[in-house]
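Chemist: Have a look at this one.
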């Protein structure tokens, strides 16, 4: 019907479209009551329509007796086609001209068909006035109403004839197509068919309850009522329910018949109805009430903004189910995607793989791609992991999003292609053995069409930004934190989780419930639901808030207690799963960030540190009457590039000029406190310069050496040439002679990079230059590692991560030749991007 309009019980006010004349429309009745309710007044044409309907059954009886069943079916099929074309083409043309030019109204006005004096001179006017008077109550004065209303009342008679004939001839054709053996009708198909028919009846009744006669008979093509478009009842669960789910009865009857010819006729009739909707009704609705197109939605605006701000951005390649959109001739990934499909098809037709092999390949591919994409989105939602990965390697935020678009689209295309090839192989096997069930194949193709339609509607509603989960990657582009309720999302919260697998189950139907296809369909459905519940919904709550969007279908179903109970049960299960997942994720987070932030080491290292501190006294007793202390160490933390000085003292009887002090990571030394079993790797210092005359680096660290009659003492300073540039818990060990025998062990202490909160790029640059200069690793304002072999590119990367909270890969540092200006600018840009994402 033309519009979804609901009015309150107050007096209705209407106005003509062009002249603006206001009036109160009279009470009218629906088609069934007008024709068949004996208590309601009947017009001449209504009596003729009723007799015509009854004549169809008489004609059917004689056709069967005279010409046989097959000829009777053919005649009623021809009749149905005629009346269906009269409906969609005939009424469509009339309404088209009425919508654009008000042709019927102008004709009536020009010929004065409803003027009182015309009835005496014009037999057409006389008949029309007689028809309206015989139809309406006695107090109805047609001359006091505008021509628009009277035209509409006559138009209703024309509609009643066509619609009732269309319905009657179709029902008779279906009846003639039923199997002669009644017992064959007792099966699950009949049960489903009856359920679909009952649902169809409810749709029609509820639709009329909402829209009343005015919209049922396309009243707004003639005049307008002071009422607004509404979405209530059946209009809450489906777009254009009279043309979509309002035809489920067609498919229910086809299912009961089990005749694919009936199904094809039903599909054809339904298809013509959609053409009527597309070319007649929808354009009129848009002109009259405004467009409901989501083209100006936030998601569409974001797509435009991305393209506007990034000159190298182009819309991603998308498979619509049949063709490709946005193919770019200069984008290699597009060629790679299309080539993959061509290779798969070529391999299928040349190698002819077995059904089992295709099943296993499809199953593994679906599982692998689902796990990969789900893991990426989960990590991206919690840590912005995917964006960080590309940012630290020198790429932009938009580039990382483009790579995700390719990865996601490629995984969809490959899995769907493999499923298609597997289904094709199954169909070929069935055709070779038992033969295909044509009805199953057609119903399966219809489900595939529903999935394609769902995908198109989803993309139309949320644009590329929503289709590719842009709110996981580009939250800084979101201007309005509000979920869309346009298009298909008015009716379903997650259409891809329900209708998005319709085609998958269509493959099950086409293959006559093949075990492999059932398994794949279950896999597709379960993975979709898990993804929506555990990844998508938590992220949506995080980005758009906890306010839930209630879809039309959900609103309708939640009014029923059983559905409400099931919904609560699923929500509880999902919340428990999310708590366990986030608990695991938090543990992994604590481990991943324990690499050296100020006071932010892992609990394992801190506990080790406290335990080791408690046994320092017992460690020093390894050498009695000795001293081994770190000087001026605040909070037991050394911030690089500061140096560390340790003072020592030993009895002269225990001293040897070959003694030396090594620096070790506590976690690597093990539990042996008397013998060091790992090498110092150059992080050591002599205590007496005479002991190692040729090791200048390891003797220049000696700042004091005193040798008395009873004791020997000294001070050693570990600077950037000897310290580790790996944050952690460390200790000094004093070794006897040129061995690894331990005489003294210092208190454990922490080596860490400093932390900075600099926002300006120039401040970041100054801090980096100051640090590199202090450790002799800068030349011409570039990182230069030759003067300090311990501060490698990895160490530089860790310094940037720990000091500024930004990750840069060593590959990027090398790629820009360690240029401090470029690196500082990159750090600044990444900080801005990540801050905007938060």
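Placement of Cβ uses the backbone N, Cα and C atoms for every residue, glycine included.
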Chemist: Would Swiss-Prot put residue 428 and residue 40 on one side of the membrane?
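Modeler: Topo match: no.
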Chemist: What same-chain residues lie close to the transmembrane segment (237-257): Cβ under 8 Å, and 6 or more beyond its ends?
Modeler: 1, 170, 174, 177-179, 185, 189-190, 192-197, 199-201, 203-204, 207, 263, 266, 269-270, 273-274, 276-277, 439, 443, 446, 457, 487-488, 490-491, 552-553, 556
Chemist: Would you kindly check 49-69, 74-94, 436-456 and say which stretch has the most C-beta pairs under 8 angstroms to the transmembrane segment (158-178)?
Modeler: 74-94
Chemist: May I ask which of the stretches 74-94, 262-282, 329-349, 404-424 has the most CB pairs under 8 A with the transmembrane segment (357-377)?
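Modeler: Most contacts with the transmembrane segment (357-377): 404-424.
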Chemist: Could you name the stretch, out of 185-205, 262-282, 436-456, with the greatest number of CB pairs under 8 A to the transmembrane segment (74-94)?
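Modeler: The stretch with the most close Cβ contacts to the transmembrane segment (74-94) is 262-282.
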